[in-house]
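Structure, as structure tokens:
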Amino acid sequence: MTVDRFRSVEPQLETDMIPAVILMILFWCTDLQAQSVSPPAELSVRLVNGTTSCSGTVEVFNEGEWSGLCTRWWSMREVKVVCRELDCGNPVSESRGPLVEDGRRGVRLFSSCYGNESSIRQCDIIEVRPGVCIGGYYHHVTCSESVRLVDGAGLCSGRVEVKSNQSWASVCEADFDRQDAEVVCGELGCGAPAALQGGLYGEGGGQTWDKEFQCKGKESLLLDCDTSDRENNTCLPGNAVGLTCSEPDDVRLVGGGSRCAGGVEQYDQGEWRTVGARDWEDVAAVVCRQLGCGSTVSVLPGNTTRWFGVSCSGSESVLRECSRIYDLYSGFTVICSDLLVQPDISLTDSMGGVSRGHQGPEMFRGYSFTITCSTQPQYPGGSFLLTFTGSKISQTQPAVNHSAAFLFPAADDSHQGNYSCVYDNHVFSHDFSSESELLSLTITASPLPAFIIRHVVVVLMLLTAITTSYLYYKPTRRQKRVNRVSSMDLYVNAMEMVSLSSRAEAGPGEERAAQGTE
């Protein structure tokens, strides 16, 4: 009886153990799967909520979870590293992202990158401060997705590479023209193409793109362009196309009467916004450099901006390479050294003694001539200094209606040489000057003495006037004579018709009487 009872319990125990064993197996598999998928490396980055895989809000993996990056400042150097870490192309833009939600965890990352690192982890990490980002903003980054410029001097120059099958390939010069370059420069947020040449930025060691681009120049992305098979399957060494785009026209100075003076504005997210800074001098140096306006002369305080500020070291080539700071900073006005536009210089004469030679204008000896200096109407007043390389003598005249005329009564050999106009003006409590291009004047011997030429010109003018008058009045007189003859003929014809009519009304006898009378 006991044995039977034991035998009846044994199958029940086996049945109860099956779910437990299955559960243990599931736990073991889950743990094994978790161990096989390793977590991201500490301080890895990703982009979320973007329109492409290479755009969106920056998140950092810190202490086992992804958190939004809410650092108050970041530069394009850090953005360049992020794009490279995610195997994207060039950085296109960095802007203020969404406002950090109350109570949401974020990461303040204090780092310094050179821009050539492979990941943020390789930058100089000063401090990582996890916690709640109260009143801050996340960072939004946009990288190009399928094209990039590498080994160039800045963000807008380098060897063209296209992403193909998850790897980057250089492009042969024969497969790429200016219209293709316009699309690439636009896709990367740069200006118009400035240089396009094979081997300009090296060869690269990867693959070569096997298609020929046929862009129309209006596409927004390079891969939106039509392509065709290459006529030649090989790309000879030295033909990997290099491209230099001009810098974007995203900085301007307003309210100063010149493109080289005024308050600093930057084009951001579809509109011009006032730029603030705390290190005015360094930012002003970058602004003047980017605009091609020389060096900084002075910096004046402006209004406080609530959008963003910038922080520069002063060595950057363009403003977008500086760090952005999303905080309250004062706007400022920059005065650059090349404030005045270049004046114009021209030569005129009233005697017909000037001609155009290979080196510039040529003037007959003994003829009068005038050199005129003029400039665009930027600021009132000022003066023009006419300099002459052939002599230490110079002439100065005040600018009247933004110009001045220098008269030379009779040209001689001492007037041969190079002339230039220097425009001087005192504005913004500083003296500024701008010099024109050189005007090279050659004095040549006249084929005839000047007084003979004058008399010949006068005689020719009189002959021309007499001939013109004769040709005009002669047809007029002839026409009047013709008109008089025509009128007489009409009168005679009319009288004959009247006579015939009178004879027809009279009888034959009257007609014979009339004939007898005649």
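Just so you know, glycine gets a Cβ as well, placed from its N, Cα and C.
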Disulfide-bonded cysteine for Cys322 as listed in TrEMBL, from Cys312, Cys336: Cys312
Residue among disulfide-bonded residues Cys113, Cys123, Cys225 with Cα closest to the Cα of Cys312 (disulfide bond): Cys113
Residues satisfying Cβ distance under 8 Å from Cys322 (disulfide bond), sequence separation of at least 6: Ser75, Met76, Val283, Val286, Val310, Ser311, Cys312, Ser313, Glu316
Intrachain C-beta neighbours of Cys123 (disulfide bond), sequence separation six or more, cut-off 8 angstroms: Glu78, Val81, Ser111, Ser112, Cys113, Tyr114, Glu117
Helix, strand and coil counts within the domain 'SRCR' (45-144) (DSSP): 13 helix, 52 strand, 35 coil
